[in-house]
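K.L.:
One structure coming up, written as structure tokens, with questions to follow.
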Amino acid sequence: MPRSPRTAPSWALLLRLLALLRPPGLGEACSCAPAHPQQHVCHSALAIRAKISSEKVVPASADPADTQKMIRYEIKQIKMFKGFEQVNNVQYIYTPFDSSLCGVNLEANSQKQYLLTGQILSDGKVFIHLCNYIEPWENLSFLQRESLNHHYHLNCGCQITTCYTVPCTISAPNECLWTDWLLERKLYGYQARHYVCMKHVDGTCSWYQGRLPLRKEFVDIIQP
């Protein structure tokens, strides 16, 4: 079954959780587990296309003893792909001010458009960080843009597993192996940009590129 995004707690609590989850020994670095764009959309409560109108540094909470800061971006929403059930129109999005807590730097007062995925907090505010999928709209492939409307949402029952080394094999019938790192030494390579892990009527999943046939080399990566 697809994982349904839950309403997140307050942003102050999320900031504390991000601080606690920071891997030891990384100092000021932000670290995120790899995820295919399809996984990002499936696991996010919100996905929108937007421009950034302005930004402002604001307190993370009303508690005067809380020294955490947030960046509040005012946005112009162009299209919503996910999140209709919880919000109608997003005017502001929030991100940690501290880069070590995975705060996102977006370009304000420009014509640049972004795909933004994130969480909707219990008070209705939208929270984003670097572990979400956030990309300039112009960088998305045609398939990625089209999949935001249909394919990603309809195939959240599929599991996508990142392959780092061989052997790398499918362990469940609803699983797709993500091989960009193995084949190209980068996460968002050709497979992430041009393929969707699609579910079939028999419950199995496999990679598809629009109407083109399945690429066999993505089915199973084994030791030669």
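Placement of Cβ uses the backbone N, Cα and C atoms for every residue, glycine included.
TrEMBL entries are annotated by machine, without manual review.
On a predicted model such as this, the values are computed, not experimentally measured, just so you know.
So TrEMBL has the following annotated:
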BINDING   Cys30  Zn(2+) binding site
DISULFID  Cys30-Cys102  disulfide bond
DISULFID  Cys32-Cys131  disulfide bond
DISULFID  Cys42-Cys156  disulfide bond
DISULFID  Cys158-Cys205  disulfide bond
DISULFID  Cys163-Cys168  disulfide bond
DISULFID  Cys176-Cys197  disulfide bond
DOMAIN    30-156  domain 'NTR'
SIGNAL    1-27  signal peptide
K.L.:
State the Cα to Cα distance, in Å, between Cys156 (disulfide bond) and Cys197 (disulfide bond), rounded to an integer.
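P.N.:
The separation of the Cα atoms works out to 9 Å.
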K.L.:
For the C-alpha pair, I'd like the distance in angstrom between Cys176 (disulfide bond) and Cys205 (disulfide bond), rounded off.
P.N.:
6
K.L.:
What does the structure give for the C-alpha distance between Cys197 (disulfide bond) and Cys205 (disulfide bond)? Integer Å is fine.
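P.N.:
Cα of Cys197 (disulfide bond) to Cα of Cys205 (disulfide bond) measures 6 Å after rounding.
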K.L.:
Taking Cα atoms as reference points, rank the disulfide-bonded residues Cys42, Cys102, Cys168, Cys205 by distance from Cys131 (disulfide bond) and give the first.
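P.N.:
Comparing Cα positions, the closest of these disulfide-bonded residues turns out to be Cys102.
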K.L.:
Quick one: give me the count of other CB atoms within 10 A of the CB of Cys163 (disulfide bond).
P.N.:
18
K.L.:
Here are the disulfide-bonded residues: Cys32, Cys156, Cys158, Cys197, Cys205. Which has the lowest count of other Cβ atoms within 10 Å?
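P.N.:
Output over disulfide-bonded residues Cys32, Cys156, Cys158, Cys197, Cys205: least Cβ neighbours within 10 Å is Cys32.
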K.L.:
Counting across all protein chains present, how many other Cβ atoms fall within 10 Å of the Cβ of Cys168 (disulfide bond)?
P.N.:
18
K.L.:
Of the recorded positions Cys30, Cys42, Cys168, which one sits closest to Cys158 (disulfide bond) when you measure Cα to Cα?
P.N.:
Cys42
K.L.:
Counting Cβ atoms within 10 Å of each candidate's own Cβ, which of the recorded positions Cys30, Cys42, Cys102, Cys131 comes out highest?
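P.N.:
Compared across Cys30, Cys42, Cys102, Cys131, the most Cβ atoms within 10 Å surround Cys42.
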K.L.:
Distance between Cys205 (disulfide bond) and Cys42 (disulfide bond) at the Cα atoms, whole Å?
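P.N.:
Between the alpha carbons of Cys205 (disulfide bond) and Cys42 (disulfide bond) there are 15 Å.
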K.L.:
Over the domain 'NTR' (30-156), what does the predicted model average in pLDDT?
P.N.:
93
K.L.:
Could you tell me the C-alpha distance between Cys42 (disulfide bond) and Cys102 (disulfide bond) in angstrom, no decimals?
P.N.:
20
K.L.:
Measuring Cα to Cα, how many Å separate Cys102 (disulfide bond) from Cys32 (disulfide bond)?
P.N.:
9
K.L.:
Relative to the Cβ position of Cys176 (disulfide bond), how many further Cβ atoms are located within 10 Å?
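P.N.:
By my count, 26.
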